[in-house]
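Engineer: One structure coming up, written as structure tokens, with questions to follow.
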Amino acid sequence: MELFVISPDLKFNNLTVAPDSTVSDLIDHFTVKNGVSLTDFYVSSNGRLSRSNDLLQSGVVYRLEPRLCGGKGGFGSMLRALGAQIEKTTNREACRDLSGRRLRDVNHEKEMAEWLKKQADREAEKEQRRLERIQRKLAEPKHYFTDTNYEQQCHDLSERLEDSVLKGMQASSSGLVQADEGPSLKRANPTDSKKKAKKKCYWTGMAGLEEMASSSEGSDDSDSEVSPSTSGASCSSGFPKPVVSAHKADPQEQPSSSSPAQRKHNQEELQKRDKEECTSEISSSSSSPAANNEKLNQEETNEISSSSSSPAPKPTEVNQQEMETEMECTAQISSSSSSPAEHSEEEVQQTAERVEKMAEEVQKTAEEVQKKTEESTAEISPSSSIPEEKSQVLSQVEDPLDLLSVSGPEQLEALGLERLKKELMERGMKCGGTLQERAARLFSVKGLTPDQIDPSLLAKPSKGKKK
């Protein structure tokens, strides 16, 4: 029987075998011929594997192929691990269903439908909670008092309160009855000769209240126009006050049992004396303006001499005080002119002219005082506190600086930042820093030539600008 065999070396052989031969006989023939192992080859025909006990057919092509060497393996384990991971995943929202829609969108639609179904239930629960909260707030707290001692104390306190109120009402009613039965002492009889003296007040600043109160009650309308206190204050504010007579003693020294008529008489005398003093001062000041000017000049010199130790008064305050005194004196003159028996209209006009002249003189003197105070303050300047060494250096600012004549950095500090910077730049040194640093740096090169200067003090050469 004749058949065709393709050997492992790709040779096409025509082989004649016995009719009952099998596939194993074919393999033995080639292994014996080539000297290889029987287990290293297998036979296939028409692309199918032939078994070892199959009979050979005539005219069929058989392929003798060697077996491949086995590897390490492991690819199957890798496939098994990957399959396990694929099976473990639970997020399949990125997948699509049969209609092509994302599972994520489908799930969201289902969740939204369920949420809308439960919306009414949620609103009902919310309203129920709100009503319960309101009921809890409106519910009144229930207090149960079971303390017998506390109840007994409250009962005792109420009884004591009633007793104390009754006693107080009885005491007040008895006091009112006694006050009604006694004589009325609200107003004393002025004709009573046995009038008791008032108790003297020794409070500070309250000494003349009794006399002022009694004088205001007994004074007439004409007397109330000009009071002694205002007239005395007006004259004493602008002019030196003369010695007061014995009638102006302390009201505490006078007997409190003096009659109203005597007090009225004393008040009239005081008013007359004050008017006479004011008119005499006005006439004397108008008759001798030169003397007043001399006194004012002396006062100005005294003020200027003391201006270095104490600040000068403001001219506005002086003018205000002088104008107040003038207004008060003119008011007194006008009030005194109301009585035609003492002054005539001509005298009033003369006094008014004199007052105007005095006002002009006072204004002039105030301007002179202001000028002198300004001059004195200008003379006393902080420049006087500068030491002599610094003043010498300041006088030589514009001159070329000679370091050999400088005794210390303190003198160089007086030159200022700009001058020190200029001197340092001329020597090629660093010109930055504070005033003290610049002065110390400049003083450190005293008596040194440019070659002897420390290189750390020199400025770095400036680099040219790149074009």
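Every residue, even glycine, has its Cβ placed from backbone N, Cα and C.
Sharing the features that Swiss-Prot gives for it:
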- 107-143: coiled coil (COILED)
- 341-381: coiled coil (COILED)
- 225-237: compositional bias 'Low complexity' (COMPBIAS)
- 252-261: compositional bias 'Low complexity' (COMPBIAS)
- 265-278: compositional bias 'Basic and acidic residues' (COMPBIAS)
- 353-375: compositional bias 'Basic and acidic residues' (COMPBIAS)
- 173-199: region 'Disordered' (REGION)
- 212-395: region 'Disordered' (REGION)
- 33-46: motif 'PIP-box' (MOTIF)
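Mind running through what each feature is packed against?
Structural biologist: On the 0 to 100 pLDDT scale, the coiled coil (107-143) averages 92 in this prediction.
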Engineer: Based on DSSP, tally up the residues of the compositional bias 'Basic and acidic residues' (353-375) by helix, strand and coil.
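Structural biologist: Summed by class, the stretch gives 23 helix, 0 strand, 0 coil.
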Engineer: Report, as numbers and ranges, which residues of the same chain sit near the coiled coil (107-143): CB under 8 Å and 6 or more residues beyond its ends.
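Structural biologist: Here the qualifying positions are 93.
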